[in-house]
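Feature annotations, courtesy of TrEMBL:
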- Ser41: active site (ACT_SITE)
- Lys110: active site (ACT_SITE)
- 11-187: domain 'Peptidase S26' (DOMAIN)
- 13-33: transmembrane segment (TRANSMEM)
Amino acid sequence: GLMNHFWKEVWDWVYSIIVALALAMLIHIFIFVPTRVAGESMVPTLHNGQYLLVSKISHVLRELPDYGQIVIIDSRTQRPRDWGDDFAEPAYNYMSLVDSSYAANYIWVKRVIGHPGDRLGFRDGHVYRNGRALNEPYINEPMKFNLDGEFIVPEGTVFVMGDNRNHSSDSRYIGPVPIGHVLGNVVYEF
């Protein structure tokens, strides 16, 4: 009767909502995720609170990001990641778009500077890759960081830095980032 019809309608609605949420989660785990910049480490390119659209495809396929690409990373480089992380992060990320206190403070936005096998040098305010100074129009101010000798980027990792060189925690402090900890590349800035 009428009651059965009512419950069927309710179930249809609930089912549709569950399917829509599941699809959204899958899209955000495997394809795209909106995220927000936290902090000043990418000034002047990106600013605190700015929204970004991040492609997850490279993370799923474990592709090496290009030089100069802006990526989001899991900065806990000593901690192994697993699929559970990929499932949990979109949920936190949704909440953080509304309330920034939910933002995962270990997810950082940085720029890719070095690939596996690259020799990196830091002197006179410049970054040298395989002996050549990089042209970096995007940095905030000359870098005050120097390193004696060169750093060789290990296999299976990338070296990342923030554009606000003198106010950025990055691979200079946490070390090279395993490819699996590169969570995606920024494809659009709002």
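The backbone N, Cα and C atoms fix where each Cβ goes, and this holds for glycine too.
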Across the domain 'Peptidase S26' (11-187), the model's average pLDDT, rounded to a whole number, is 94
Lys110 (active site) sits from Ser41 (active site) (Cα to Cα, rounded, in Å) at a distance of 8
All chains considered, the count of other Cβ atoms within 10 Å of the Cβ of Lys110 (active site) is 25
